[in-house]
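S.K.: Please see the structure below; I have some questions.
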Amino acid sequence: MGNGTSRVVGCFVPSNDKNGVDLEFLEPLDEGLGHSFCYVRPSIFESPDITPSNSERFTIDSSTIDSETLTGSFRNDIVDDPSFLNRHNSKGLAETTFKAISGASVSANVSTARTGNQMALCSSDVLEPAASFESTSSFASIPLQPLPRGGSGPLNGFMSGPLERGFASGPLDRNNGFMSGPIEKGVMSGPLDVSDRSNFSAPLSFRRKKPRFQRFMRSVSGPMKSTLARTFSRRSGGLSWMHRFFLHPETRVSWAVGKDGKLHGEDPESCLESNRNLQWAHGKAGEDRVHVVLSEEQGWLFIGIYDGFSGPDAPDFVMSHLYKAIDKELEGLLWDYEEPSEDNQLQPDQEPPTEENMCDPESISEQHSKSVVAESEEVMIDDISSLGNTDTQIADGPPGDSAGPGKKSMRLYELLQLEQWEGEEIGLKRYGGNVALNNMTNQVENPSTSGGGAGNDPCTTDRSALDGIPNSGQRHGTKKSQISSKIRRMYQKQKSLRKKLFPWSYDWHREEGICVEEKIVESSGPIRRRWSGTVDHDAVLRAMARALESTEEAYMDMVEKSLDINPELALMGSCVLVMLMKDQDVYVMNVGDSRAILAQERLHDRHSNPGFGNDEGIGHKSRSRESLVRIELDRISEESPIHNQATPISVSNKNRDVTSYRLKMRAVQLSSDHSTSVEEEIWRIRSEHPEDDQSILKDRVKGQLKVTRAFGAGFLKKPNFNEALLEMFQVEYIGTDPYITCEPCTVHHRLTSSDRFMVLSSDGLYEYFSNEEVVAHVTWFIENVPEGDPAQYLIAELLSRAATKNGMEFHDLLDIPQGDRRKYHDDVSVMVVSLEGRIWRSSGQYYPERKQKFNR
């Protein structure tokens, strides 16, 4: 219905089973367990605001394309409008290799505030959830919710059915209240849409709330909503605007400054172009952090999984800095930046007035001399009004979020100030038009007097003229000013809460002035373009390693400065797993024991699709696009085990199929494990510390860490960091050489036709799965539930295995509070990147025997 829901509905499994669980959310979803989210890549030629046709999600052999009508193909590069195709091809847009991203995280550790975030430590008004998620609107997410006891889903213990997830996640609006995405040159990192609804998957609330608090909130919010609605009904256009403000306080109203100096609603097309450049997602589960950034136009994908230990500071720091460091290092290797063309820049007479030229006498004389020549008093008054509007914007403060040159996002209290100024504007037109006109005319006729002293300052003259104008609504404006100050305080409190929930978005950048300058430069800065030369893959890997090195140096400097106040920072560290995909090139960098697994189809098992090239395929040429979609949907419905009651999914069938997939698929580990489980790592540490016979103690580095390489963990890298700790946390540090390093392993891989998907995860997944089991289970799940969420399925399987291993039921494990549950499983974050999209016709494309099996 225009909100992009159909784009992600394929991530969710429709449940038509009579035994399915009906979702009746009588209480808010609990976000403390974890999140499941997905991103389905749309066609780069479609508008993000237009619902994509289902036909663009299939792939049919190119022989079925009708070259005259451009129909009969489900490839993404075929569209119905040839002019639209040519128009977008002129921009040189790239076709990315990845098609869909599935992610899920589950927390086992309790949530702890970052040590450097003293405001969060002192705040006790909101309980920080152990898991949270935020993203642009292209991602759909929902908190993990276990099925009620006694309920049984088709595959796992979560209420994951895509229908349910689509319902629970709400409208997939194109906005977000947080501009916390990674900063990028020429591209705004946060959503820039004009819609005013929150993009969270579920409210940040919890199951167990005190009834008295709910009654208090209802008693307070009701009168305030009604009062503010009556006050601003003229501007807001009705109660619904205020209703959305209270339900979604993070949202902002976007405005743009036109050439006339007045505020106008932001152009949806301009927002569309800016928002399509970058999509991002941030997630946390316990001490795990997940960072996803992708660009549809440039054809690249960045995924970072940061598995922290001993505290959240290290993974939060990596979340805030590593992507930006990599982006900087890769300039000139994978992409480059070009300055905006002079044709797109404003002419000198079209430049918006600034704080300097507004007070420049010659500038004002030049502006208003045109109005005198036109001999129009109305034009003169409107010009003065537009000048006042611009002045008011600058006086209000720097723009909150720049969407481009001259654009700003306005919060509610800023709208109140704007309305108060409009009241003064009305008084200007009624009473002070002649006074202001005479003053400005005198300045034009006598330019020599405009530069004399402060008494003749044109800006002072304008302001004094405005102040002397009687305003019939002065008392009304005073009331609105009081309400504006109250709402400003409300906004500041909400911002402090968001700082606690998402510390990586705020706490490392405290100087607002610097951030504002960065945003202004960002909006008018250079534009990223594709690197046209030959890519040096070794240079790319070295650049990624340099980015990690510089990020750790900055973190260690920060820790060293804080040792006297927060010595526990020396204990905190993180494993780092980064995957950068650019077209068909995949670059992987890791330190620690998080893994990146590539699933490849064994060549001797590959089969061509039996539907390709036969009579049925030839018949497709003469059929319309819509009929082809219906044929494919009917075929999927018949072959899917979810809809085919004759082939129910049973445990025995699943185990047999998973075993067969282990023979047909191969797991290739692109990352390297850095832990004491690897003999080479143990030998390396002992050879570097021959004088210390206890460098490896109890299968851990100095008896403390299982990992042999990590980001942070300064107490095992510098003796002074170790000495700053309490004695109970110190180790016997011999010498000055570090026991662990942050030297990463880097790998480049060129994707081939046999590569199917990638699985990136923290080490918690491999406590219960081997690499081959992960690939086999994901392949089985995609084969049987092509619209499902494989990452969430892996999380459910892991929790089920953890419960079985410890002799308890699935729900009994989840009933164990976080912190205590860490005894049974670790924080786990999983990302599954499909390299060919959702496998709608996988039964025919991969294993033809599956089709005959379903038809029995």
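The chain as shown is numbered from 1 upward.
A Cβ is built for glycine as well, from the same backbone N, Cα and C atoms used for every other residue.
Checked Swiss-Prot, it gives:
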- Ser152: phosphoserine (MOD_RES)
- Ser189: phosphoserine (MOD_RES)
- Ser201: phosphoserine (MOD_RES)
- 269-835: domain 'PPM-type phosphatase' (DOMAIN)
- Asp307, Asp763, Asp826: Mn(2+) 2 binding site (BINDING)
- Asp307, Gly308: Mn(2+) 1 binding site (BINDING)
- 340-373: region 'Disordered' (REGION)
- 388-407: region 'Disordered' (REGION)
- 395-407: compositional bias 'Low complexity' (COMPBIAS)
- 446-485: region 'Disordered' (REGION)
- 471-485: compositional bias 'Polar residues' (COMPBIAS)
S.K.: Taking only the residues in the domain 'PPM-type phosphatase' (269-835), give me the average pLDDT of this model.
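M.R.: Result for the domain 'PPM-type phosphatase' (269-835): average pLDDT 73.
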S.K.: With an 8 Å cut-off on Cβ distance to the Asp307, Asp763, Asp826 Cβ center, who else from the chain surrounds the Mn(2+) 2 site?
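M.R.: Apart from Asp307, Asp763, Asp826, the close residues are Asp288, Cys575, Asp593, Ser594, Ser762, Gly764, Leu765, Asp827, Val828.
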S.K.: Just the number: how many Å between the Cα atoms of Asp763 (Mn(2+) 2 binding site) and Gly308 (Mn(2+) 1 binding site)?
M.R.: 11
S.K.: Around the Cβ of Asp826 (Mn(2+) 2 binding site), how many other Cβ atoms lie within 10 Å? Please give the count over every shown protein chain.
M.R.: 23
S.K.: In Å, rounded, how far does the Cα of Asp826 (Mn(2+) 2 binding site) sit from the Cα of Gly308 (Mn(2+) 1 binding site)?
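M.R.: A Cα-Cα distance of 11 Å.
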S.K.: Would you say which of the binding-site residues Asp307, Asp763 has the most Cβ atoms within 10 Å of its own Cβ?
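M.R.: Comparing the binding-site residues Asp307, Asp763, the most crowded Cβ belongs to Asp307.
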S.K.: Can you check which residues sit near Gly308 (Mn(2+) 1 binding site), meaning Cβ under 8 Å from its Cβ, same chain, 6 or more apart in sequence, and list them in order?
M.R.: Glu287, Asp288, Arg289, Ala314, Pro315, Asp316, Met572, Gly573, Ser574, Cys575
S.K.: For Asp826 (Mn(2+) 2 binding site), which of the three DSSP-derived states applies: helix, strand, or coil?
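M.R.: Going by the DSSP assignment, Asp826 (Mn(2+) 2 binding site) belongs to neither helix nor strand, so it counts as coil.
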S.K.: Helix, strand or coil at Asp763 (Mn(2+) 2 binding site), per DSSP?
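M.R.: Once the DSSP labels are grouped into three classes, Asp763 (Mn(2+) 2 binding site) ends up as helix.
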